[in-house]
Amino acid sequence: MVKEKVILAYSGGLDTSVAITWLDKDYDVIAVCMDVGEGNDLDFIHDKALKVGAIESHVIDVKDEFAEDYVLVALQGHTFYERKYPLVSALSRPLISKKLVEIAHKTGATTIAHGCTGKGNDQVRFEVAIASLDPKLKVIAPVREWKWSREEEINYAKANGVPIPADLDSPYSVDQNLWGRANECGVLENPWNEAPEDAYDLTVAPEAAPDSPVYVNIDFEAGVPVALDGKKMKLADLILELNDLAGQHGVGRIDHVENRLVGIKSREIYECPGAVTLLAAHKEIEDLTLVRELAHFKPIIENELSNLIYNGLWFNPATEALIAYLKSTQQVVNGTAKVKLYKGAATVVARKSDNSLYDESLATYTSADTFDQDAAIGFIKLWGLPSKVHAEVQAHKDK
């Protein structure tokens, strides 16, 4: 009997490795791992999938596409879920889903499988994205279906020849990509526990960071970071370099109790050294170049966009419309931000732009001042007129 094909989003971990053998009863499994900058041993992952029963194994480098089509939206949109989380994992899920659907179409597969549990956000992100791209594809979530304890899963793995990962005893659940690292579980589940140092990997403790700051100049063209200290770089490479540099100075640690889409609160530890640095720099160039009305309105868009992406609605028309609006604001966002990295902080200490709306001759309080202060008298009268009329009417009513 010819089996149907299933495309499995494969990580190389225990859950998705067990999923291959579990799915193999009814499907020919094609394992697919997307490299979004997590830094894993991709050759090992490729070979392991075949070893545990996949008929094909694909490892696809999508770092550049991830950076240019997804991370850049988060950067230009200053996306912080609940004003704190820079959308690390949430950003990669739509791209991974898109690639899974593409491979399903190429191979004739009718089903896609993922390794998410039934209590996380990622199951929603994957399945909503896949349904948005091809509603006819079936989606299977083995971990959600088998409902095993960890011990039962390990016993199944041993019985079916699935290698047990060396780091299985780690109490943490980690997800990582170019934009940062997310960590949960173990001692972190108690929000009263301070996160221990072994929960971090990309950053040193701020108090252990160098006692002297380092400065980095970041160049932007149309809202895109294009160079570090004058060195032109692809966006993915620039982010990775900043992850290393800012991480050495303890930048980008985030401890967040967040409201998950599925209705529970979770405590997460994020490390986003490159993201935090770039977000600070980009915001300062915007402050220099955007007109006041746009600078005041854009954060409203940013907050809504953050929620849409976090909640798995990347391919929703609302998200697409907001991204289009966002892109239209970036043509003037050109310039250089000088960022000071020191003891956990990324602080913009200087900025310049050929599109700068800052006019020193208008802002100065020296004799070079060109601001017409006499014009303020009439402006104040007109600006305050509605308030004055309201006060007069209220005073008349109170008599």
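Keep in mind that glycine also has a Cβ here, set from the backbone N, Cα and C atoms.
Other Cβ atoms within 10 Å of the Cβ of Ser11 (ATP binding site) number 20 in total over all chains. Annotation source Swiss-Prot lists ATP binding site at Ala9, Tyr10, Ser11, Gly12, Gly13, Leu14, Asp15, Thr16, Ser17, Gly115, citing sequence analysis.
The L-citrulline binding site annotation in Swiss-Prot covers Tyr85, Asn121, Arg125, Ser173, Glu258, Tyr270 and is backed by sequence analysis. DSSP assigns Tyr85 (L-citrulline binding site) to a strand segment in the three-state reduction. The local packing around Tyr85 (L-citrulline binding site), expressed as other Cβ atoms within 10 Å of its Cβ over all shown chains, amounts to 21.
Sequence annotations record features per position, and here Swiss-Prot assigns L-aspartate binding site to Thr117, Asn121, Asp122. Residue environment of Asn121 (L-citrulline binding site) contains 19 other Cβ atoms, counted within 10 Å of its Cβ in all protein chains.
The distance from the Cα of Asp15 (ATP binding site) to the Cα of Ser173 (L-citrulline binding site) comes to 12 Å.
Nearest Cα neighbour of Asp122 (L-aspartate binding site) among the listed binding-site residues (Ala9, Tyr85, Glu258, Tyr270): Ala9.
Nearest to Thr117 (L-aspartate binding site) in space, judged by Cα atoms and limited to the binding-site residues Gly13, Tyr85, Glu258, is Gly13. Note: the CA-CA distance between Ser17 (ATP binding site) and Ser173 (L-citrulline binding site) rounds to 16 Å. The Cβ centroid of Ala9, Tyr10, Ser11, Gly12, Gly13, Leu14, Asp15, Thr16, Ser17, Gly115 marks the ATP site; residues of that chain outside this set whose Cβ lies within 8 Å of it are Val18, Ala19, given in sequence order.
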